[in-house]
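Annotation source Swiss-Prot lists N-acetylglycine at 2, citing experimental evidence. The heme c binding site annotation in Swiss-Prot covers 15, 18, 19, 81. Swiss-Prot lists 49, 98 with the feature phosphotyrosine. Summarising the annotation, Swiss-Prot assigns N6-succinyllysine to 56, 73 and lists similarity to another entry as the type of evidence. The annotation N6-acetyllysine is assigned in Swiss-Prot to 73, 100 on the grounds of similarity to another entry.
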């Protein structure tokens, strides 16, 4: 399992410009991520997803996020997420540890 504090720094540096995590947080360029774990792709209420995201049909969890965050466009071809991904597995684990906590508070 990753380091939550390191993951928070990664989120602030690489994700926060497009995503919020708190309950009731607004959508930005990307959707609010509250309640992410256990939710299917393309299901955050009020966000306009691509058909690719809606039709992927996987449920977000540690393993699916680990694969997705390495290369989002490869995992969901047609996603509008323009982020290139995080190549280092340890950094992805840290980010996922943070997301698991922050999106559930």
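Here the Cβ of each residue, glycine as well, is placed from N, Cα and C on the backbone.
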**Message:** For a quick check of understanding: given the listed heme c-binding residues 15, 18, 19, 81, what is the maximum Cα-Cα distance in angstrom, as an integer?
**Reply:** 11
**Neighbour count (Cβ, 10 Å) for residue 81 (heme c binding site)** = 18
**Message:** Given a separation of at least six residues and a C-beta threshold under 8 Å, show me what packs close to residue 98 (phosphotyrosine) in the same chain.
**Reply:** 2, 4, 5, 6, 7, 8, 10, 11
**Request:** Please work out which residue of 15, 18 has the most C-beta neighbours within 10 angstroms of its C-beta, and give that one of the binding-site residues.
**Result:** 15
**Request:** Using a 10 Å cut-off, grab the number of neighbouring Cβ atoms around the Cβ of residue 49 (phosphotyrosine), all chains included.
**Result:** 17
**Fill in**
Candidates 49, 56, 73, 100 (modified residues); nearest Cα to residue 81 (heme c binding site) turns out to be 73
**Message:** Between residue 73 (N6-acetyllysine) and residue 19 (heme c binding site), how many Å separate their Cα atoms?
**Reply:** 17
**Request:** Calculate the distance in Å between the alpha carbons (Cα) of residue 49 (phosphotyrosine) and residue 56 (N6-succinyllysine), and round it to a whole number.
**Result:** 11
**Fill in**
Within 10 angstroms of the C-beta of residue 19 (heme c binding site), the count of other C-beta atoms across all shown chains comes to 22
**Complete:** Counting across all protein chains, other CB atoms within 10 angstroms of the CB of the residue listed as 'N-acetylglycine' number 21
**Message:** Validating a neighbour-count step here. Other CB atoms within 10 A of the CB of residue 56 (N6-succinyllysine): how many?
**Reply:** 20
**Asked** In whole Å, how far is residue 100 (N6-acetyllysine) from residue 19 (heme c binding site) when you measure between their Cα atoms?
**Response** 14
**Message:** Tell me the Cα distance separating residue 56 (N6-succinyllysine) from residue 15 (heme c binding site), rounded to the nearest angstrom.
**Reply:** 21
